Amino acid sequence: MLKSLVVPLLLQLVGVFVFLSGFFPQKNVLSGDAGFTIDASLQEKSKHAFNKLVFVVIDALRSDFLYSEENSGFTFVHSKINSGEAWGYTAYSNPPTVTLPRLKGITTGSTPNFLDAILNVAEDDSSSNIKEQDSWPNQFHKNGFKMRFFGDDTWLKLLPNEIFDEYEGTNSFFVSDFEQVDLNVTRHIPNQLSHANEWDVLILHYLGLDHIGHKGGASSTFMPAKHSEMDQVIENLYKNMKDDTLMIVMGDHGMNDVGNHGGSSASETSAGLVFLSKKLSKYQKPNAQNDVRVPMTLDDPSSFQYLTSIQQMDLVPTISSLFNVPVPKNSVGVLIPDFIQLLNNDKLANIKIMENYRQLLDVAKLEDLDNILNEFERSPKKLDQEYAISKMKDIQETLIRNATDYNYDNIFIGYCVLVVATLVAIICAIYVMHFSYPFIGTMSISILLGLSCFGSSFIEEEHQLWWWIITGSIALGYIHSAISGKTKFKLYFVLFVCLRLIRGWNNTGQQTAYSYVIANLLKSNPTILWALNIWAVFILCMRDFKGNPTSFISSFTLGMMVLTYKMNWSIINKEQVPEYLIEIVRKYCEIYTGTHDDQVFDDALIPMATLFFQSLSSICFIKLLAVVFRMQKTDTLLNDMSKYITLLLIFLSSSNNIPQFLIFEVLRFCIIKIVQEAGDSKVYIVSLISLCLQNFTFFQFGGTNSIATIDLANAYHGISENYNIYMVGWLMAMANFAPSIYWAIFPWTTIYKDTRNKKELFVKCKLPILLFNCIVGCCLFAACIALRYHLFIWSVFSPKLCYYAGWTVFMNVIVGCIVEGILLILV
């Protein structure tokens, strides 16, 4: 019977990995370095528009952070924009809006590869570097510019380090640190300014603002101070610059209101970009700056389109032209028209435009059908610059639209393997489940969710489907119980109340956001919030108290560690915590660290997390040994492990989401009471309930099908300065799937009471979930193939594909099969 589960599961895994390798291949790029192709001797002898470049990247610097009257604290930058010494833009960052692909775009001018969004967290991955690609830092180095770099070590991962005369990287993933990570960059500035004659290009990349966003959102209380700090850095650099120095200040991407990024919303793709130089005041400002003063207010603030809007990749040919180096070979950027006037004369300006035009034709592998190059060769001084730039924009749009080379062989093979897995799963399910109500229910839900994969709005608002599925299922269950004379009105009523509370807890989906959700209300009422948090942990520890007091003691000890740590975490992050709890935590931290200063909360944080992990590991290990050596009854192991895992999930959840676990416990109690009389169908019903609640609560915890809502802030509990990609990866997966894991392990204490038939029960429990995943996967893959050139393929369908892979590998294989299977072997 086990074969009916293992065979389709292995086929599904093979199909998913092969399909993904074809759908997200490494992009083909032009090799080698670019050179001047039009009147090379004249270009090589021409004078640079600027002699030095100071390039400052402020991670996640959204456009309104620079220009908005309500949100911006960059007062010095405002003064320079208003005086004409700075030119401001809103730069469109092509999704995925995470640092690695955006830095590729900023340096090479090329369109991003979606695979880079996944590799973004892999510190030791080298497959995503651009050491063999042409880039403006590479061109600067090749043309004798001396460069220095300090900041986000993603630059050092991407580029050959030998191009920098001096460099120091800072780790980009410690999102809990937003002070020291920037001070480590700023401390180099005095020395660099005093030795400015030793370098030509200074690159700085600040991470603190992005980290604040991840921890507290775009409106975090830490944000104004960070704006002022960055503004002072810019002022210090600017006042020590000469007139022939150009400073560029920019964000690599924006952020949404929650503080995350990766998606394609206006807030995530609208990055600020400012060029500063005393020299700029001598030239005509961009038209959008003529009649406005910053900070400013937009008629539609949600558009984030301040001043002039450009493509972020347009920065690359602009920098190259101003510093008289060739445009990188793979760039799809277009020279910003405002800067043409800074080139020495009309002839050189026309040459630079044509150089950019020819380079775009080479990338696009197009012929010059408009004969612009021929006309230019006949009359170099009569070039219609506006027409040439408009044609370049057309080519750019085509290149962006057709950015990926799919590996159709892998796509076809992967899809065929998954179809076979689905057919095998259906046959096995019919053989095991027959045409029972649970089988019909599983097929109905699978087909409904599968068909929804063909609509971008359905993917963005998938939580709506799960809400109607779960409420409809409960309504049908109540009707069935009423017909069979086993009415349990009170239990069903409590179920509906619990589900409605969960439904209103957070903003869900990607299209609408509400202020008055329960989580926000609790944030402003910390006494109620922490009372609920304490009750959530206490009720969990009390589960099965009478039959197993030793389990209560161990879980209660772990629960107290969880609560004190979460309170300390909230205090450090300036969340509201009742005063009496702050004093309790302070006493605990003082005892724990032996110190009594203001840093006691910070000093105790990582040791407290480490103690919890060590205690949890030790208790679990002892429990497993006790069962192996028959020192403890095996029937208690699954319940104990379920409680310990739930405490870990609470540890990894945001404080405003912890009360949901209290609701989960009530739901769990009601469901067990309802299904206990289900007879032979009990295991299938429990499996189906588990499936629905895994997905429903995932979205109600704040999750979506967008990369932007991946929670990084809870992936670093207990992680010190020794960054470990594997540990962070595990914690990130558990933090983001916390509610889903709770409901994935719910069957442990429900269907395995009788361990004599555990293998048969295991297969029966996993088949409905496997069937669902195979059917939905077939539909999703078909949608991605059919819509591979759709406008939303990278912003909607590709993230959904990544989430599907995450659900398959982490939730269904690792949590659902491997962990559960190992525990069942022990019992």
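Cβ atoms here come from the backbone N, Cα and C positions, even for glycine.
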Annotated range (TrEMBL: transmembrane segment) out of 515-535, 683-703: 683-703
Contact between the transmembrane segment (465-484) and the transmembrane segment (611-632) (3 or more Cβ pairs under 8 Å, separation 6+): no
Positions on the same chain near the transmembrane segment (439-459), where near means CB under 8 A and six or more residues out: 429-430, 433, 465, 469, 473, 511, 684, 688, 691-692, 705, 768, 771-772, 775-776, 778-780, 782-783, 786-787, 790, 792, 796-797, 800
Across the domain 'GPI ethanolamine phosphate transferase 2 C-terminal' (403-825), average pLDDT on the 0 to 100 scale: 89
Surrounding residues of the transmembrane segment (803-826) on its own chain - C-beta under 8 Å, 6+ positions past either end: 9, 12-13, 16, 20, 624, 627-628, 634, 637-638, 641, 694, 705, 733, 737, 740-741, 744-745, 748, 752, 755, 758-759, 762, 766, 769-770, 773, 776-777, 780
Same-chain residues at least 6 beyond the ends of the transmembrane segment (723-746) whose Cβ lies under 8 Å from its Cβ atoms: 121-124, 171, 173-174, 641-642, 645-646, 648-649, 652-653, 657, 660-661, 664, 668, 671, 686, 689-690, 693-695, 697-698, 700-701, 703, 710-712, 714-717, 806, 810-811, 815-816, 820
